[in-house]
């Protein structure tokens, strides 16, 4: 039991440290939101007079007068009430609304793509590792090549081929804007159609890592004595593959999978940029360039929680699936 | 700047994609965003999804200004011209400039069926005055309804120059707005008098439909859809794929737009004067050689602008007047006594040397001038990823070296760059100056040269971040406030005085006038602005101008 308590205590401290950094880092950025907003308006052809500056400073509430420790306490207090503040760049929308609108898109797209990539990669890796030295080994360089190509380049190439030349998939966006968003079949079909290409690029770019890791673990597991024993007992190769080799070889991949699940929430900024996909990555980019502290804090909070949460779950799960990690405690 | 919309980082990164895009012109990409032939699809250049906000007074609004909420008059800032009457039909100032009388259009209805009256106008101005957070023009007058179709705005002081901004104010319905917080309500169902109604909103797009009861007649463009894309690169891709009809922003190989994409044409309007802004005033705390006017003058002559134009701006930039009156639309304001009507396109290092030597600088052994042990070395601040400006700075660096001036460049993020300018922690910054609500240099002088919007180094400055402070300019500006805008004979002596000062002192060193480029679909719609008929400033993000252009367009076939 103390194993689990220690783990949870560690994560509580990590969470506090993350929240504090989350508070501090945006405040170290140069510039302030009013200046950025004005500079942006100016580029959009707005006339910025001294009165404009005054009005927007009033509107966005320049409460810099409060001492930093006071802001910190308010921040922690509001956080526990679930109040993330008001976004400056999307004023007057609350941060939770801005995030709530984008988060599902990212979680579904990147989440599904990550699951598909991991499952496919691990399954293929196990199979390739089972038969080392055959033509299947050529899958390794092929997929690692895809992973090594800069992601945006791969995405652009696929977009060019599949969307522009062949016209199989839409070029940009998350859904057909003519349809009404909601749980109706047309909309869901269009969301799948629009999401397919971005998901494909993520799967192609990340499958290589899973495959390589799993295959190498398989090869080293297959040389273990207990595999030899199992073979000597006369078990069927299929049974050895599933119950003896794969189950032991998959452990590092499970840990890796949890960590990558944590990063699902932070989205794939580049994917969303290339495909103009609605999601959290684009919001993050916008928040940083607009000095939108509240939105940045909100987004970082979600990302932190997701990464910590995923790690915690895996740590706990690991205690269950791999008794060796518990044994020492 | 030649590329108005500053997502150049991404543009540079993804330039390869654009090249691919060019190859693919002939191929279609399915995608029903284009809609039917009477739907105009526009991209404003905003990066990322939309958050609903149709409040015309909100800085984070995504639309409704001009298209749904109309002002009293439309002012064309691209050309010297008379205001176009919208909700107002006539306006006039009293002799002393303290009372503005406006006659309102009769028979106009809000889109919910209620009649538009003088009370709505009075309500709108009162609301702005009572809510400092939306009072972006600093309105402090008194507004009164004379009768149903006449209102007056009364000021304590002559206020001729505020006329265009006042008449540009969007008018909102009293019966719906009297109970809302005008600073915070996002107006999910905007009700206005304009030519369009909001049809639907989604984070990835919002659509207007034509208002059948519009007082000016139902517009020919039946639907306008604004798409959310990730930035300029995505916009250029969408043009290549034919899914948008109008975007304002750069596309690759802009000169040959019509050749690459037969359905599209590009139009560039010179509107932003590009400058090397200097932290000019030693009294205000600026440090460095650029506080010496002779150094600024020398840099002005050291530049080879033809080379800058071809290397950095793909030859899309155009002439500029050192008086900062926009060329050509404001040429009539240029003082007769200014010797150089436009900036020299070729470098004149002899002139630069003469200026520097007269000011006590001497050529050092290392080929760089020096004075009292201080080398003539300057740093230009430029934003990371603004590739055309970076190229321009590199070009200027080598040109200045030939004139004995050492230039270094420092790249920083946009936020940091804005911060440095505001606080005065810079020597030179490459930037562009913006125009006022109408084609009149008064506004630019007021924004950038009047000492009231400057500040000491270390304090946040307003627009005048060069910290230029000149009593002659301030006095002339004060005198111009007293004069009606339509009296050029009386105003010109003051413009002459200002121009003589700023051409000599040069707190902003003129480079060239940058263009704002729109790419639009000429196969689907006609009636776009042109050199012959520049009825509005062609930029889709300039809401009032875009609304005027939407009204003039006709679907083809």
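Backbone N, Cα and C define each Cβ position, glycine as well.
Where the annotation comes from TrEMBL, it is an automatic prediction and has not been curated.
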Given the ranges A:276-298, A:299-321, which one is assigned the annotation transmembrane segment in TrEMBL?
A:299-321
Labelled transmembrane segment by TrEMBL, one stretch among A:227-248, A:249-270. Can you tell me which?
A:249-270
Residues flagged as transmembrane segment in TrEMBL, choosing from A:79-104, A:105-130:
A:105-130
Under 8 Å between C-beta atoms and at least six residues away from its ends: which parts of the chain pack against the transmembrane segment (A:191-212)?
108-110, 112-114, 116-118, 120-122, 124-125, 128, 139-140, 143-149, 151, 154-155, 158-159, 162-163, 169-170, 173-176, 253, 256, 260, 268, 271-272, 274-275, 277
Considering only Cβ pairs under 8 Å, which range in A:105-130, A:249-270, A:299-321 makes the most contacts with the transmembrane segment (A:151-171)?
A:249-270
Should anything in the same chain at least six residues away from the transmembrane segment (A:299-321) have a Cβ under 8 Å from its Cβ atoms, list it; otherwise answer none.
3-4, 7-8, 11, 14-15, 18-19, 22, 25, 79, 84, 99, 103, 251, 254-255, 257-259, 261-266, 280, 283-284, 287
